[in-house]
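Here Swiss-Prot flags THR177, LYS204, THR215, GLU301, ASN436, SER441 as substrate binding site, drawing on sequence analysis. Among the features that Swiss-Prot reports, active site, nucleophile is placed at THR215, with the record citing sequence analysis.
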Amino acid sequence: MRVSSALLQKAAKTVDKYSLYVPKSGVFPKGFKVASLASGVKKNGNRDLGIILNTNKSRPSNAAAVFTTNRFKAAPVLVSKQVLDGSSGEGVNAIVANSGCANAVTGELGMQDAQKVAGQVNAHIGKENSTLVMSTGVIGQRLQMDKISKGINTLFDQKQFGSDFNSWLNLAKSICTTDTFPKLISSKFQLSDGTEYTLTGISKGAGMICPNMATLLGFIVTDLPIKASTLQAMLTAAVNRSFNCISVDGDMSTNDTICMLANGAVDTFVIDEASPDFEQVKSQVTEFAKQLAQLVVRDGEGATKFVTVNVKNSANFKDARIIAETISNSMLVKSALYGQDANWGRILCAIGYSKLENLASLDESKINVSFIATDNSSPRELKLIANGVPQFDIDENRASEILALPDLEILVDMGTGSEECQFWTCDLSHEYVTINGDYRS
């Protein structure tokens with residue numbers, strides 16, 4: 001039995017995502033301090049300006065970033081790319097981010113504004129070409145430079161930087177727009193010799209989520225010493241398995257950026273691609289990035305479900321990814337998930353029109369499709385298609401139970417190889433239209 005849309009909307013609104021996903025404490029990398037405030041850019045008076053600083057005096061931090069491939073790249077994206085290109089990722093000691101205004105499609109004046117923001121932070125820390133700039137908010141509006149400039153000066157002049165939990169949480173809040181909760185995670189890890197290091201991640205995003213070689217806005221910082229070129233390779237690999245595998249609505253922003261700073265405050269050898277711990281650290285960063293990316297989907301605008309789309313036993317990874325992404329972006333699939341309708345035909349249709357690189361990846365006689373319950377209830381797997389044959393006698397009651405879960409999985413077994421890709425998506429509700437229908441107001 002399907003639940004009425006009115007009840008579904010009510011359920012979505014009553015889920016307290018803040019309590020579920022926002023930590024109450026954390027561990028943070030050595031040698032970083034952060035600050036944030038309400039500069040007045042946001043109409044609601046919430047925090048809208050934040051800065052991350054490397055305060056490790058013994059070593060400048062290295063940086064890496066992955067940016068949107070949208071042709072209308074925002075001014076802060078272009079300025080940050082210039083900083084990284086000019087420094088080769090070395091000696092980048094700060095990130096400044098604002099919310100409420102994207103500074104996108106603002107022409108040469110927008111570029112000048114972004115450069116002034118970076119230059120102002122550079123002047124405060126006494127280093128040139130050392131600051132990355134990030135912005136999020138409404139496209140087509142210039143930064144209110146008087147408010148941003150005053151806010152930056154206030155943070156430095158009043159020495160508002162801290163390394164405690166509240167400082168980091170407030171930083172996460174300062175980049176939120178339509179987010180229902182700030183996204184902050186942190187964890188300690190060990191190298192093979194027992195040396196401990198820390199990763200902290202912050203991201204924002206709830207809509208305009210369908211990245212390609214980038215993400216929404218996100219920072220990952222660590223106190224490990226990592227060679228700049230290695231850091232870039234590590235971040236790119238992590239993003240390809242995390243932030244490039246999420247979808248809320250199929251839209252790719254003009255401002256999508258994820259960056260990583262490594263300041264070497266932990267006293268250990270510099271990690272490069274020849275280091276014995278390289279693969280371990282790379283794997284840890286990737287798994288950490290997956291956790292951070294999944295929070296964005298959990299906060300999808302109006303979403304009531306978090307859905308893992310798992311495509312396995314594919315002839316190659318690229319086609320597994322293409323199929324997972326196509327299912328995740330399908331408005332019909334997402335609408336069926338919201339309505340708790342076991343309409344497997346929409347899933348199969350999405351698989352069928354996927355633009356595969358190798359047609360041999362899809363053999364209609366070998367494909368299996370299932371719904372998977374994630375709450376340990378039984379039966380865990382509900383088979384919808386078995387070796388290309390529809391299961392006409394599926395248990396509709398069990399299907400409704402699985403589709404009513406806040407977390408569930410769509411499993412697609414291609415039967416043509418051994419490669420696997422996971423995508424994370426959400427359903428599409430009436431609330432999504434409401435939120436985006438009056439975003440500028």
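For all residues, glycine too, the Cβ spot is worked out from N, Cα and C.
Since this is a predicted model, take the numbers as computed values, not measurements.
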Which of the three DSSP-derived classes (helix, strand, coil) applies to LYS204 (substrate binding site)? strand
Looking at Cβ-Cβ distances, which residues of the chain lie under 8 angstroms from LYS204 (substrate binding site) while being 6 or more apart from it? SER99, THR136, ALA172, ILE175, CYS176, THR177, ASP179, PRO182, LYS183, LEU216, LEU217, GLY218, VAL296
Cβ neighbour count (10 Å, all chains) around THR177 (substrate binding site) is 21
